[in-house]
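Q: Quick one: structure below, then a few questions.
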């Protein structure tokens, strides 16, 4: 169409495109602080021209060819994967920080202090073997040490239970998000198959995938209808055909539950669940280390006190299980009658003023032992246990336990900090591309407002010209 009516149509098309553009700007501004929102952009193209003989091709205005998300898919995927690693390191660091607080050596009231007090009390007894008060002090310090070990073991057990609960909660959260993504996939596929571009649904899909990866490392595939397929450790969790659920055992192990009811254990590499699993493994190691320590310490003291027979009036009772740290205690009879402690060499017929056995027990502080102790070689003449190769003293062994935990915890914290810097950088890159800039949107608004006003003025001008042509020229 040529002439004034052609110009009118062109101006009208310009009016419509600027209205759509302004609506998109408004949508961007409204969602400037919406988590996971991706800036949208209107694609405006020229209409097909009209050919007029003798003149050539005349323009016919503009149209909206689409509204697209401004997104860098590579950055989005990298951010999703690196955030999964961040969640792993952060979760592990937080859990290990709590575990470190169990081994509280900075306050001066930790287990190392208790160990020192026990050996000091034996040294004091060796110089004052006839004093019941000295034997009472040995019992009191031994009870304090046992109570500290009990408390530490119980605290670690509570942390283990809380960590397993966190894993189970993470699995429930993951399964819920898979169900949500499955529903969203259907909505997206329906819209795409109808020729639509559901940008806001795409954002919700990306956000769900981001949150899923934060829980467990996922591999994502997007099909032609923009449906997301999710797999974990090579197992399909969500496909266009349906979904499968994850399950967490009472020990924190993760498995996928198949439709036929069978399950397969999975190995995760990232996400909060993996962070908790790695922290849980370290908690198990610390529990075992404390159990080994308690067993060796008690067995060595009991062996020397019983002159080679650890069951002969033992100082410590280890309980009936292998949870030695949790169950260790001072034997009931000695708690009630400290005077029965053997201070001298002759157990059956003690000699007044003889504190050599007490001194021998005090010397255990410097004896190198293995943890757990095995095949202790006791010399009844010297009242001593032979140093074991590749062993360490009681004090050094406990210090090693604390130091090794500190190294692992510091490494986890360092990893979390460096990973946080990387994720922050990727977030900045994503924001620079996909984030909403209020200043930029205001600039666009003014630009489209001016275009809208110009097209409106064009329509008014053409209307006046048509009025002149029709009503005033007599044509």
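Placed from the backbone N, Cα and C atoms, the Cβ positions cover glycine too.
If you look up TrEMBL, you'll see 8-38 marked as domain 'Flagellar basal body rod protein N-terminal'. The feature domain 'Flagellar hook-associated protein FlgK helical' is assigned by TrEMBL to 96-312. Residues or ranges marked as domain 'Flagellar basal-body/hook protein C-terminal' in TrEMBL: 430-471.
A description of the local structural setting of each listed feature is requested, covering burial, neighbours and distances.
A: A Cβ distance under 8 Å defines the sequence-distant neighbours of the domain 'Flagellar basal body rod protein N-terminal' (8-38), meaning residues of its chain 6+ beyond its ends; these are 1, 44, 47, 59-64, 67, 69-71, 199, 202-204, 206-207, 210, 434, 436, 438, 441, 444-445, 448-449, 451-452, 454-456, 458-459, 462-463, 466.
Per-residue pLDDT, averaged across the domain 'Flagellar basal-body/hook protein C-terminal' (430-471), gives 86.
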Q: Counting each residue once, how many in the domain 'Flagellar basal body rod protein N-terminal' (8-38) are helix, strand and coil under DSSP?
A: 23 helix, 0 strand, 8 coil
